[in-house]
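Chemist: The following block contains the structure, expressed as structure tokens.
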Number of protein chains: 2
Amino acid sequence: MKTLSGLLPLLAFFSAPVLADRVANEPIKPIQAVQVDDPEKVALGKKLFFEPRLSRSGFISCNSCHNLSRGGSDNLPTSIGHNWQQGPINSPTVLNSSLSMAQFWDGRAETLQEQAAGPIDNPLEMAFTHTLAVEVLRSIPAYLDLFEGVYNTRDINIDHVTDAIAVFEETLVTPNGRFDQWLKGDDEALTEQELAGYKTFKEIGCAACHYGEAVGGKDFHRMGIVNQYATENPSQGRYEVTGDESDRFSFKVPTLRNVELTYPYFHDGAVWTLEEATEIMAYLQLGRELPEQDIDNMVAFMKTLTGEQPQIQVPQLPPSQPGTPRPIPFEND
Amino acid sequence: MKTLSGLLPLLAFFSAPVLADRVANEPIKPIQAVQVDDPEKVALGKKLFFEPRLSRSGFISCNSCHNLSRGGSDNLPTSIGHNWQQGPINSPTVLNSSLSMAQFWDGRAETLQEQAAGPIDNPLEMAFTHTLAVEVLRSIPAYLDLFEGVYNTRDINIDHVTDAIAVFEETLVTPNGRFDQWLKGDDEALTEQELAGYKTFKEIGCAACHYGEAVGGKDFHRMGIVNQYATENPSQGRYEVTGDESDRFSFKVPTLRNVELTYPYFHDGAVWTLEEATEIMAYLQLGRELPEQDIDNMVAFMKTLTGEQPQIQVPQLPPSQPGTPRPIPFEND
């Protein structure tokens, strides 16, 4: 008679194919835990991500609209920018953004570094200039020391700033959600309802666009393939980047990772519940009018895509110096 | 001949009085490290401190103006409130605020709990109502579970909310700054310049108002005792609370703890450097025109009042539910 320890290799033999099969065969892939190669650069990038002095007002930081307490989003239809201006489009989550093929809804930035440069000098957002942002940082010796430690120079420029922010953002992945536990072979990780929702998700065609590690972020598609989407938002999506008529009203497929946390939904942020978003997308993209039970199941499945949120210590920002350019919160000052 | 171990009790005998003497005789007292009695309440209060859904816009939290990355302040002359309204007065730091006799520049709140209720329904600040804030929290089961764990009820009200915030704020003390190390007997903790600055600080009379654990916060005094302070800020300070003519233009003495981090200075936030603030206060309150060297020394001393900043993990806020009242970031929505 075999001992328990003699059985273990046999158990491993039978369970390993489940893992290999799921990871290989399912359209969704598990998120890999992040490997930090340069902790000093990540720490600097984290400070800059939380740094309101990259904005004209001294009030808005990356974290204002990509709030790490809130799934990396601001949970507003469109964001609040400098002087309370209304942003043109819903702020996508920063979480797992490194897993997308491109940044912004229209993919106009190819990299996170390129993206990070955008809001700083966007007059609707942080309303600063790259020159002034760098001037602020250069005036603060503690920042110069940090940049020198990472980039071997005190002659810093905006590329150093956005590189550090991007490298920090690359650490903002959310592995080990319940769905990933299931993908890796843990049959107990999902309930029957969640599995039923995932089955429907695949069968009706959602996974044609929402696949891969990020469950999205790999393609551009028209919003409203089968039926038209009505919105007051003027964005023409990818067309504004390519000028190609076939790209009109085409947007980057948003990630469904942590989608439970990143309401409201769509590029116009018009829809507040996952139930409604699911119903609308099935109708617009697939021409399906789904029974409520299917929607509830799919929502239950999508909630299993919430992963471990990054554990972030609030950074301490070095104080301004007498020579530091002052913020301009109000134009009458 | 005595051994080294035989000498140690003798050394302790000689160094103990230094500690006892300094702590007893100096006007500034060391900050005690915080004792957390109820970590669950502190954790709930931390979430609420970072909770933008306590504001009408869903964008402004306590941390927006009392930023724990920036010495518990926003480093603006006056704060940015709902719809980018300009606040009437400089936001005081939340750090060590439990060590003040009262809250706000005019002391109109006796406790931190009373203070916490103010900004939520101040139309210039978070612009919400207590009723709506509580309604938002009540709509989120994860919050109800947390309140039940702390207060044994799901029937939450604004007093529960502000109590939890206040208890979190009580943990925001900054012990073990270099000055406190010196107070406790470490002669190496301060440089000669810093000690010279402290000596001047006491000799010219600063410590008459800036004393105790918080190096301030214990009294109200007129801004401009000897010479008048010119400002465009209309606040009449303590007079607005008491109606007593002798309180006109009298303000709570601000803490000097972490003062290096909490620029700009004074109730109107008009002065950006510690050097200038020191020069002005010596002139206004004490009628002194100080040589630059004295000012530099005092600034060097004041920078030793920067303590260990609270180590705060960014909290995860539970998502809104379909029934959660939605934020109103823009009035045209």
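Placement of Cβ uses the backbone N, Cα and C atoms for every residue, glycine included.
Curation does not apply to TrEMBL; its annotations are automatic.
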Chemist: To which of A:Met126, A:Met281 does TrEMBL also attribute binding of heme c 2 at the site defined by A:Cys206, A:Cys209, A:His210?
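Modeler: Given A:Cys206, A:Cys209, A:His210 bind heme c 2 in TrEMBL, the matching entry from A:Met126, A:Met281 is A:Met281.
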Chemist: Give the range, chosen from A:238-261, A:310-333, that TrEMBL lists as region 'Disordered'.
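Modeler: The range carrying the region 'Disordered' annotation in TrEMBL is A:310-333.
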Chemist: Starting from the Cβ of A:Cys62 (heme c 1 binding site), draw a 10 Å sphere and report how many other Cβ atoms land inside it.
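Modeler: By my count, 27.
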Chemist: List nothing but the largest Cα to Cα distance in Å, as a whole number, among the residues A:Cys62, A:Cys65, A:His66, A:His82 that the record says bind heme c 1.
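Modeler: Greatest Cα separation within the listed binding residues comes to 15 Å.
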Chemist: For A:Cys65, A:Cys209, A:Met281, listed as binding-site residues, tell me which one has the smallest number of other Cβ atoms within 10 Å.
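Modeler: Per-residue Cβ counts within 10 Å for the binding-site residues A:Cys65, A:Cys209, A:Met281 bottom out at A:Cys209.
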Chemist: Could you give the mean pLDDT over the domain 'Cytochrome c' (A:192-306), rounded to a whole number?
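Modeler: PLDDT averaged over the stretch: 98.
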Chemist: At the level of the C-alpha atoms, what whole-angstrom distance separates A:Cys65 (heme c 1 binding site) and A:Cys206 (heme c 2 binding site)?
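Modeler: About 28 Å separates the two Cα atoms.
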Chemist: Compare the C-alpha of A:Cys206 (heme c 2 binding site) with the C-alpha of each of the binding-site residues A:Cys62, A:His66, A:His82, and give the closest one.
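Modeler: Going through A:Cys62, A:His66, A:His82 one by one, the closest to A:Cys206 (heme c 2 binding site) is A:His66.
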Chemist: Using A:His210 (heme c 2 binding site) as the reference point, find which of the binding-site residues A:Cys62, A:His66, A:His82 has the shortest Cα-to-Cα distance to it.
Modeler: A:His66
Chemist: Let's check the environment of A:His210 (heme c 2 binding site): how many other CB atoms sit within 10 Å of its CB?
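Modeler: Neighbour count, Cβ to Cβ under the 10 Å cut-off: 26.
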Chemist: Does anything in the same chain, at least 6 positions from A:His66 (heme c 1 binding site), have a Cβ under 8 Å from its Cβ, and if so what?
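Modeler: Result: A:Gly72, A:Ser73, A:Asp74, A:Ser91, A:Thr93, A:Val94.
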